[in-house]
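Scroll down for the structure; my scribbles are underneath it.
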Amino acid sequence: MSVFSHPEFDHHQRIVFGDDPTSGLRAIVAIHDTRLGPALGGLRIFPYASDDEALTDVLRLSRGMTYKSALADLPLGGGKAVIIADPRRDKTPELLRAMGRLVDSLNGDYITAEDSGSSEADMRVIAETTEHVGGLGREGASGDPSPFTARGVFCAMRSAVRHGLDREDFDGLRVAIQGVGHVGAQLARQLHEAGAHLIMTDVDRDALGQLAASLDAEITAPDDIVEADVDVFAPCAMGAALSPSVVERLKARVVCGAANNQLASPEIADMLQSRGILYTPDYVANAGGVIEIAWQRRQDYRREAVMSHIAGIETTLDEIFARARRENHDPASVADTLARERFRG
């Protein structure tokens, strides 16, 4: 199948395939749009079942980064990279340096950063062969974007709870968190501090148990989390968490989480709307990490300015939810429209 006829192809500006037999690198970089600036997006390392599965992921994720940057008021476009490999077995310095050379060949049109399967340490290895790397930290501080992503989701949830549940606080709010990795765990801690009661699940049962004990949270099986009797469902694992069968089983009245590409297909937004479930567009909610990475590239970096910028996610969502209600549209389509207005001019 031609890339141009791929169902996830959305007039992407560049799609580059990297194959380096010496290091074992098999990678794809997708640059969706650069009208607002260079394409920023993380590097995902995952053992995809097929090349087409990897292409599908990188096309969807890069498009989402364009929309994310636009609604986060950043002078950046959208891109993404994937390496087809098992990060626990196949990730070597040679493979990462080869990835750096691939990024460098794009002459600054794409800036990479950490994502699922890659780390800040990996970014430092990649930076040996390219300068186009974000999220390396400043003045000895960690470049890990997950605390900022979690804070953005927390701010997003404040707006979602206000519009979907007519509540102004989290005290006693029941939240189901699907996935408590770097971002999910930090979101859980923030929600606990705000008074929420948590129900959590994760495939890493040991880490889940330790976190749940520290937060006095309930634990449930991964397959049962969507049916938890909660106010808010927070998908914080991999994408496509919201399928038709999941939507039918959801008891939550609000969906707001950190995962990318939460909707298995665009039609899911209509299904949620018809069920009276308020969906928080994922690329708006989880923009905190990319906001912080963008600020790291500035000479006038100030943490308080970063946190103020992230807090603006709540205001953006207030606008999206209000417009969606006024125009009787689902929030996802309204967010897409607003983003296109910004990056297309």
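Any Cβ shown, glycine's included, is placed from N, Cα and C.
Lifted from TrEMBL, the feature list:
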type	residues	note
ACT_SITE	K80	active site, proton donor/acceptor
BINDING	G179, V180, G181, H182, V183, G184	NAD(+) binding site
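Overlay of TrEMBL feature records on the structure.
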{"residue": "K80", "record": "active site, proton donor/acceptor", "CB count, 10 Å": "30"}
{"residue": "G179", "record": "NAD(+) binding site", "CB count, 10 Å": "26"}
{"residue": "V180", "record": "NAD(+) binding site", "CB count, 10 Å": "28"}
{"residue": "G181", "record": "NAD(+) binding site", "CB count, 10 Å": "17"}
{"residue": "H182", "record": "NAD(+) binding site", "CB count, 10 Å": "20"}
{"residue": "V183", "record": "NAD(+) binding site", "CB count, 10 Å": "27"}
{"residue": "G184", "record": "NAD(+) binding site", "CB count, 10 Å": "28"}
Conformational class of the residue listed as 'active site, proton donor/acceptor' under the three-state DSSP mapping: strand
Where G179 (NAD(+) binding site) sits in the secondary structure, as DSSP reduces it to three classes: coil
Environment of G179, V180, G181, H182, V183, G184, the listed NAD(+) site - residues of the same chain whose CB lies within 8 A of the CB centroid: S146, I177, A185, Q186, L187, D202, C236, A237, A258
